[in-house]
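Feature annotations, reproduced from TrEMBL:
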TRANSMEM  33-55  transmembrane segment
DOMAIN    37-502  domain 'Major facilitator superfamily (MFS) profile'
TRANSMEM  75-95  transmembrane segment
TRANSMEM  102-120  transmembrane segment
TRANSMEM  126-148  transmembrane segment
TRANSMEM  160-180  transmembrane segment
TRANSMEM  192-210  transmembrane segment
TRANSMEM  321-341  transmembrane segment
TRANSMEM  361-379  transmembrane segment
TRANSMEM  386-405  transmembrane segment
TRANSMEM  411-434  transmembrane segment
TRANSMEM  446-466  transmembrane segment
TRANSMEM  478-496  transmembrane segment
Amino acid sequence: MYASREDIGYDFGDDSKVGSKPVKPNPNIDGGWAWMIVLSSFLVHILIMGSQMALGILNMEWLEEFNQSRGLTAWVSSLSMGITLIVGPFIGLFISMCGCRTTAIIGGILNALGWILSAYASNVHYLFLTFGVTAGIGSGMVYLPAVVMVGQYFQKRRALAQGLSTTGTGFGAFLMTALLKYLCTEFGWRNAMFIQGAISLNLCVCGALMRPLSPKDLREKYVVRSDSEENRAKALSHSTETIKSNGVLSEEPEKKEEAANEEVLGSVQHIEIGGKPGSGRSMYGLRILKTVSQLTVTVRKGFALWYSSYFGAASLFTNRVFVAFIIWALFAYSSFVIPFIHLPEIVKQYNLSRQDNVFPLTSIIAIVHIFGKVILGIISDLPCISTWNVFLMANFTLVTCILTLPLMQTYVGLAVVCALIGFSSGYFSLMPVVTEDLVGTKHLANAYGIIICANGISALFGPPFAGWIYDITQKYDFSFYIAGLLYMVGIIFLLIQPCIQKKQPREKSTEEAQV
């Protein structure tokens with residue numbers, strides 16, 4: 001159906017500097033420090049996504065503490081999960097301006113602050129602000145850089161690298177569920193959140209490990225990609241000419257602007273060197289001017305890239321398959337989040353607490369989720385396998401499980417369905433790979449920011465909707481059925497658009513041949 005960008009005839013010209021000469025790749029691409037990036041991303045997924053998957057434990061504590069409805073209380077978890085993802089496009093702007101490392105360190109501090117402030121909550125609405133908004137924004141500022149950096153450092157083994165790093169979600173859900181249960185039992189939920197806030201400061205260490213690649217290294221990565229795919233060069237040259245003819249994303253104005261800025265900075269540096277010893281104040285003022293000039297250049301370049309990705313003639317939204325991908329993301333994530341938030345309540349409703357205490361259903365999802373991500377990543381990296389087809393098959397399996405889960409009222413039945421949910425949801429590791437195939441590495445941060453923003457909207461409204469349906473019907477069945485049907489609509493969009501996108505170039509070429 002679909003394999004990569006050249007199959008649908010779409011590109012942003014980010015690989016325009018393709019040369020015919022063989023270039024020796026950076027040893028850190030697909031090796032070396034790249035594996036430290038995977039470790040950093042793995043720890044980020046444990047501390048952020050794993051913690052969010054374990055929020056069902058705190059959700060029950062909040063229900064008992066504040067005596068609010070399930071629908072209202074579920075908004076705390078949904079805000080945290082949703083805002084983590086919704087802020088993606090704006091975090092893309094931060095990354096363009098400040099880089100992944102700085103963005104992640106600031107996010108780690110903000111996330112820890114949100115957890116610590118939440119320990120002093122007096123009502124659910126206080127948690128909306130501290131845990132939902134503050135911790136959520138901090139999580140988003142760490143999560144997106146962690147995914148983007150893995151995409152930058154890997155080329156040949158992208159799916160496997162993303163799979164290994166995102167298994168942190170499964171490990172984290174398993175570890176954080178046990179940790180939060182223990183902390184809440186021994187110290188109470190308030191102290192548990194305070195301790196978790198201290199643990200979250202390790203996100204700053206993860207951010208410090210995100211050493212950026214130089215522009216030269218990124219260009220070498222593009223050349224390696226073009227050498228391995230002969231057909232890509234023709235598509236690239238065509239798309240680059242089209243973009244430059246429209247006057248958008250052309251590199252000439254950027255080069256002229258950079259040259260002008262370098263002249264200003266060079267003149268400042270020349271004055272600093274040739275200044276007299278007595279002109280201390282002037283030297284200090286010139287240093288400030290130099291710093292401000294450099295910061296201005298960085299901010300303008302970052303904003304220009306961010307703006308062109310969303311609103312330029314080469315906007316991401318001109319790619320129909322990418323738009324279909326966004327529509328799918330709007331419905332997909334809630335179907336995965338709802339079981340994590342409401343499974344503890346379902347277990348309690350079916351009087352299965354004794355079996356669930358021995359081996360929690362959420363832990364079954366988490367453990368199998370680990371294997372699902374790695375196995376699907378390995379399969380997708382095989383040369384004879386299409387990543388897109390693996391992605392679609394996993395989605396079909398997951399939506400089937402979501403629709404089947406309400407029919408299971410025994411622990412064994414629920415455990416089997418939860419295991420299948422865990423394995424099929426391993427497709428999350430393929431999302432950055434599919435996104436990069438659609439838009440290229442240069443636009444990965446902004447494009448993936450849009451995708452996780454759509455996921456965030458889904459996560460934001462999914463669990464409260466399930467809680468609201470329960471408050472009306474006293475059952476969770478309809479919540480799963482409606483979520484599953486909406487999810488199926490998203491999958492249908494993914495099936496239709498690639499076929500339409502492929503058909504149009506063929507029709508165009510037929511018309512040209514007739515002329």
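Backbone N, Cα and C define each Cβ position, glycine as well.
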Checklist entry - Would the transmembrane segment (361-379) count as touching the transmembrane segment (75-95), i.e. at least 3 C-beta pairs under 8 angstroms with sequence separation of 6+? => result no
Item to check | Highest-contact recorded stretch vs the transmembrane segment (411-434), from 33-55, 192-210, 386-405, 478-496, CB pairs under 8 Å | outcome: 386-405
Checklist entry - Okay, the transmembrane segment (478-496) and the transmembrane segment (386-405): do they have at least three CB pairs under 8 Å, pairs separated by 6 or more? => result yes
Checklist entry - Does the chain bring the transmembrane segment (446-466) near the transmembrane segment (478-496), so that three or more CB pairs sit under 8 Å (pairs 6 or more apart in sequence)? => result yes
Item to check | Contact set, same chain, for the transmembrane segment (192-210): CB under 8 Å, 6 or more residues outside the stretch | outcome: 36-37, 39-41, 43-44, 47-48, 51, 58, 100-105, 107-109, 111-116, 118-119, 131, 138, 142, 145-146, 149, 179-180, 183-184
Checklist entry - Is the number of Cβ-Cβ pairs under 8 Å between the transmembrane segment (160-180) and the transmembrane segment (102-120) three or more, considering only pairs separated by 6 or more positions? => result no
Checklist entry - Looking only at residues six or more beyond either end of the transmembrane segment (102-120), which have a C-beta under 8 A from one in the stretch? => result 44, 48, 91, 94-95, 126-127, 130-131, 133-146, 190-191, 193-194, 196-198, 200-208, 210
Checklist outcome for this item: In this predicted model, the domain 'Major facilitator superfamily (MFS) profile' (37-502) has a mean pLDDT of 77
